[in-house]
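Noted in TrEMBL for the protein shown:
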- A:7-29: transmembrane segment (TRANSMEM)
- A:7-131: domain 'Na+/H+ antiporter MnhB subunit-related protein' (DOMAIN)
- A:35-56: transmembrane segment (TRANSMEM)
- A:68-89: transmembrane segment (TRANSMEM)
- A:109-133: transmembrane segment (TRANSMEM)
């Protein structure tokens, strides 16, 4: 008889949402508080792994229809691109820039190119973790 | 342009990412990799000219001042090594088109080769000891993948050994950097050198020097830490083997040369004599292996070990003549080893075996291959007009000048045995009763083009030694005067 996972699946739908929110919070906190791209990415992939445990690989790949290898490449491109952007202004590689902006709702905030670099790290971490888990999970 | 010295690292990195995105389109991958490598060669040549006219180039990444940020430093030695590594990768990639096979090509072969080049070029260029570690890891992880790619039984077995050894040596590297950091309190190589000079190299620094010798010795395969190399290099196919044999061990050798000339040059009595004894034993072990085997790959693999010993002997003698010799020799050896591995790769493809006793008479069907191999073999042994000669001459001369007759004698004798080992391949494989080999399906001609190109590079290197000499002598100058390096990094002169 096929076991009924209704409790696990119901809790997962709620919990995965909270975990993703927490990971995004950690990701954006990185500049002033503990956190950043690495732990944020790891936690997001943690949420996806929880979904994988509760459902199966096929269902999860319809929820997140990404090719994680492509995601890794795009993440790398973002990080390296942020560094290489410095070449356009003829300053040393990886020189970052920031500016204060008045944003609607959020008020006075500083926007820093390091966030783009971190987004790259975030995507690479998710891409790599999910590639590893999916590849091992799918191999017989 | 401020970022010129970054381009040999950045171009392969961006290319690797682009190739990851188009990993299903093999033709595109080939074109993009070759174009980007040509671009890297051009950028490095411009950098070479710049270093020649303006002296050492430095770049403080992220605009952070020298000891606080990561500094990339291109002195003549590093830019020469970067150029050589890139040229070799270019020809090896061209060789791979017709030999590596579609399965490997669709499985990220080209991006990983680019990542390998990122690691190698980065390791040659960095001016920060921890950044050196990071680039070592970039290089090693790419080499793990290249070693196991294809997944045959022997590759799997040897990858386990190779990864195990390298993880242990990387852990030791981190520990050594930790020790060094706790003593001098900095990771910038120029500032480390300055602080060691201020404290006049106390005993603990000598211990750390030995630890670094163990770490880089494991990467660069010196006696008695070479044990993993013959097996691991035996496993992968010819183009990957050529990349490994030509480039990987040389990064270890470069690191020993850099640390022993920049950090640990105050109390040379102990450190450099240990290095000398180990390098001579490395030569001896290498030639024993080279003459003992009847297997093409094994013979050339043991010649890699011999070359490491010869170069490090020059480093350990530590006079400007011998360092000059080492630099001459390391550039020659990278090119000629890549060429030899590619040539035996062709031989193995034709005959279907790497056992020397099962092949003969190749010269009748493949005269061009035979004579290319002959020139490469003479060049390896150091016959005068060819490329191996000047390096070894200067190393031996340096040895005699310092009164080290035994060491210089061993090197001379080793040349003879090296010549014997490669001539054994030539005499047994190419001469003898001709056998008909069915080589219709093997594109021997296309495979020969990059191999001949590499041998040509080596021959030109030998014949134009006089033109190249000013560059080598510049490289030597910054090695024997660490102050030039420190001034350039810390005070931007």
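Quick reminder: no glycine exception, Cβ is built from N, Cα and C everywhere.
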Non-local residues, at least 6 beyond the ends, that sit with Cβ under 8 Å of the transmembrane segment (A:35-56): 5, 8-9, 12, 15-16, 19-20, 22-29, 63-64, 117-126, 129-130, 133, 137
Remote residues contacting the transmembrane segment (A:109-133) - C-beta distance under 8 A, at least 6 residues beyond either end: 27-28, 30-31, 36-38, 40-42, 44-45, 48-49, 52, 68-83, 85, 96-103
Positions on the same chain near the transmembrane segment (A:7-29), where near means CB under 8 A and six or more residues out: 35-37, 39-44, 46-48, 50-51, 53-55, 115, 118, 122
Averaged pLDDT score, the domain 'Na+/H+ antiporter MnhB subunit-related protein' (A:7-131): 90
DSSP helix/strand/coil residue counts for the domain 'Na+/H+ antiporter MnhB subunit-related protein' (A:7-131): 87 helix, 12 strand, 26 coil
